[in-house]
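Novice: Sharing a structure below in structure tokens format, with a few things to ask.
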Amino acid sequence: MSKQTLILLYGGRSAEREVSVLSAESVMRAVDYNAFEVKTYFITQSGDFIKTQEFIETPGDDEKLMTNDTVEASQAIKPSDIYEEDAVVFPVLHGPMGEDGSIQGFLETLKLPYVGTNVLSSSVAMDKIMTKRILEVAGVPQVAYTVYIEGEDLEAAVAETLEKLTFPVFVKPANMGSSVGISKAENESELRSAIDLALKYDSRILIEQGVVAREIEVGILGNTTVKTTDPGEVVKDVAFYDYQAKYIDNKITMDIPARVPVEVMTQMRAYAAKAFRALGGCGLARCDFFLTEDGAIYLNELNTMPGFTQWSMYPLLWENMGLSYSDLIKELVVLGQEMFDKRESHLI
């Protein structure tokens, strides 16, 4: 039986490129090499595409994907050269220029099927402010928030925040993930500093009400038929689950399934599916919730390309549901091909 080519895109231009490499290395090891051969392409911080490695069998434990320190400039290619007939692309890219619709539009232009959400849902879900506004209309509960857009009246935005919210608040770039650029502010001075930091990453800033809550996550899989997982909980040894805690210090553990009442679990799964559909999602996503001591549920964000390492929440949630990492990848490829065929059929 001939194998299908699975193209892994990794690295990328965003501040989350290191997470992308970790995720891609996990995927390359988990792939069923009876069904796939894998070709990998590294995207540099400057946006160059580098042809890196090919695998026809499971790589050894010491095999690493080539990155900035090991890629060869002579292997740079035109981005369109990744095209291969009957291949499927897995864009294991996080953050801007990865899960914001940019790469998805590029792949659709090349007529390549790909894993994950489409152009519209990727771009909308990447922007925390747009997500908030759409989910408000959909009736999905969220914490109170204000917005600052660079070029608008900063003093007015600070005044609105002081009027509508209470400290602590969290200040977030609208279009970053993995907690990059996010700060907790306990007073007005810290709020202003947090806005300055967030502006280094984005011109659109979200300011959210801080809540004392457990962080619960639900996995989503599907296109027109949407499946969800039992929730898992992020258990932190730090006050704030930032990039350092997530990926460098490993100061978190995961409780899967989360120890929550059945009715809370059911409601979270329903909200996750509702949010996914409201944003036009397809393929996969991870929906992150806050659960307060008094039982209030707030949707925090919907991540269209969640961390995909072997220790990441998303694949572990599906493993708990009986779907192995390897079979999850197969299912995602099938869903990606299904959406490609549907897009092509609509071009009449």
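The backbone N, Cα and C atoms fix where each Cβ goes, glycine too.
Look at Swiss-Prot and you will find 132-334 tagged as domain 'ATP-grasp', backed by sequence analysis. The annotation ATP binding site is assigned in Swiss-Prot to 162-217. Residues annotated as Mg(2+) 1 binding site in Swiss-Prot: Asp288, Glu301. Taken from Swiss-Prot, the feature Mg(2+) 2 binding site covers Glu301, Asn303, and the record attributes it to sequence analysis.
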Novice: Sort the binding-site residues Asp288, Glu301, Asn303 by C-alpha distance from Glu190 (ATP binding site) and give me just the closest.
Specialist: Glu301
Novice: What does the structure give for the C-alpha distance between Leu162 (ATP binding site) and Asp288 (Mg(2+) 1 binding site)? Integer Å is fine.
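Specialist: Taking the Cα atoms only, Leu162 (ATP binding site) lies 26 Å from Asp288 (Mg(2+) 1 binding site).
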Novice: Rounded to an integer, what is the Cα-Cα distance in Å between Glu301 (Mg(2+) 1 binding site) and Ser183 (ATP binding site)?
Specialist: 16
Novice: Measure from the CA atom of Asn303 (Mg(2+) 2 binding site) to the CA atom of Asp288 (Mg(2+) 1 binding site) and give the result in Å, rounded to a whole number.
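Specialist: Rounded to a whole number, the Cα-Cα distance is 8 Å.
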Novice: Would you pick out, from the binding-site residues Ser183, Asn303, the residue whose Cβ has the largest number of other Cβ atoms within 10 Å?
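Specialist: Of the binding-site residues Ser183, Asn303, the highest Cβ count within 10 Å belongs to Asn303.
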Novice: Find the one among the binding-site residues Val169, Leu197, Arg204, Val211 whose C-alpha lies closest to that of Asn303 (Mg(2+) 2 binding site).
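Specialist: Of the binding-site residues Val169, Leu197, Arg204, Val211, Arg204 has its Cα closest to that of Asn303 (Mg(2+) 2 binding site).
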Novice: If you average the pLDDT over the domain 'ATP-grasp' (132-334), what number do you get?
Specialist: 93
